[in-house]
């Protein structure tokens, strides 16, 4: 209720001012903590020389970000550029030698992918990946879903649990900085793709997809090591589409996104010189002395940064996939735009995979409490295996599973009388305000449940104690009010999008009067 309910213009302006001021205030605390403690012994390992002329050191605590823009930067640019050039050369030469380039482009992608994997990781790793494909293809031909799931999860467990993962990793010849990352990325995403292939083969009414179809799907290089996972039915349809056309202004949009990704990279790099958001949470002695606002800012900015990292990584890969006339899974939704657990994910490809084959398959319309509980438990059980079983992953899975179910329980509770009657009587605008209060609390539950996987359980517990218990009532209420302002601005954005889809004018209400939609 109230998705198209508008709020007065000046009320929205107030929300913008409060939110901007609060973010600036929290950031100032973090800048101060970063500058005053830059010489701490605990910072030496993760704060390195940065902008010499500005006298600023840089936070390099995140291994993935440093890897992407130092060790891996040249490799990925070389490999992805080679993919694009190789495909373009084939497209130009194919008509001259009597080959339908559109018809065989997926095979060309596969050939380049196999060659790149072979050169990068060696023949033993390539043979290991092929063995995973062979085993799961052998199970797929029986067209029994439970067998496909059992074989796929067992294979996934073999690279996530000891001693099987160590044994397989030792098969990879050579030694270089990225070997571990590429090994687990390549094997993990291969297994998820093979499971998608097997499950889609179960749905095929006549015959089976070929082993070559699986190889073409799995060895598409842009997705091979780092994802995203694109389900087999979508990839097969798009890669074998012979009518290749560009959408209006598509190349302009691709260029714009590339420039945007570069701007985000530069922004994050600049922020790391002033906001040591990754290093500070690792020093619990320092963290315990920081203000409540500084802690809230650290928790929030950590999740925003994690989204930015995922958006850049998937954005670069998706740009190449779009050039290949594919429509890949989009980057995740920013944490700033989230106030419900149902949309909380940092890998939209894995999320789409889980929703299609597990969550939606078991949960149906997600309206039944017991079916929803079974669906979420199954989903997070597979997610825990995918992430690598450990205590922190178990805790993260439990709380996010609980949050997803708790949303349904609350919705069910307030849908009964007299609450439903009261909501109808109060009107859509007031309903939106009251729902915003609940959403603000939900937002911080999402932050606390997910920040423990990015930093540590101790940091998440400290932030929770300070904001909920020790900081009550001043810090608790002020943080929730600021979050409420943010939630209402998100709802306003969603309202405008909904009205645009309905081709209706978008105007906030003035004077507190409701406007007929």
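Cβ coordinates are placed from backbone N, Cα and C, and glycine is handled just like the others.
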Seminar exercise, completed: Which range is transmembrane segment per TrEMBL? Of 174-194, 195-215, 258-278, 321-341, it is 258-278
Seminar exercise, completed: Of 48-66, 143-161, 219-237, the range TrEMBL tags as transmembrane segment is 219-237
Exercise. For the transmembrane segment (12-31) and the transmembrane segment (472-490), does the number of C-beta pairs under 8 Å, pairs 6 or more apart in sequence, reach 3 or more?
Worked result: yes
Problem set entry | Same-chain residue ranges lying at least 6 outside the transmembrane segment (219-237) that approach it to Cβ under 8 Å | 79-80, 83, 106, 109-110, 112-114, 116-117, 181-182, 185-186, 189-190, 192-193, 196-197, 200, 203, 209, 213, 313-314, 317-318, 320-321, 324, 326-329, 347-350, 352-353, 356
Problem set entry | Outside the transmembrane segment (258-278), six or more residues from its ends: residues with CB under 8 Å to it | 27, 30-31, 33-35, 38, 43, 46-47, 50-51, 54, 56-62, 65, 69, 298, 301-302, 305, 308-309, 311-312, 315-316, 319
Exercise. Hey, does the transmembrane segment (290-308) touch the transmembrane segment (472-490), meaning at least 3 C-beta pairs closer than 8 angstroms, sequence gap 6 or more?
Worked result: yes
Seminar exercise, completed: Per the Cβ under 8 Å criterion, with at least 6 residues separating them from its ends, the transmembrane segment (75-94) contacts 68, 100-101, 104-105, 108-109, 112-113, 116, 120, 178, 221-222, 316-317, 320, 323-324
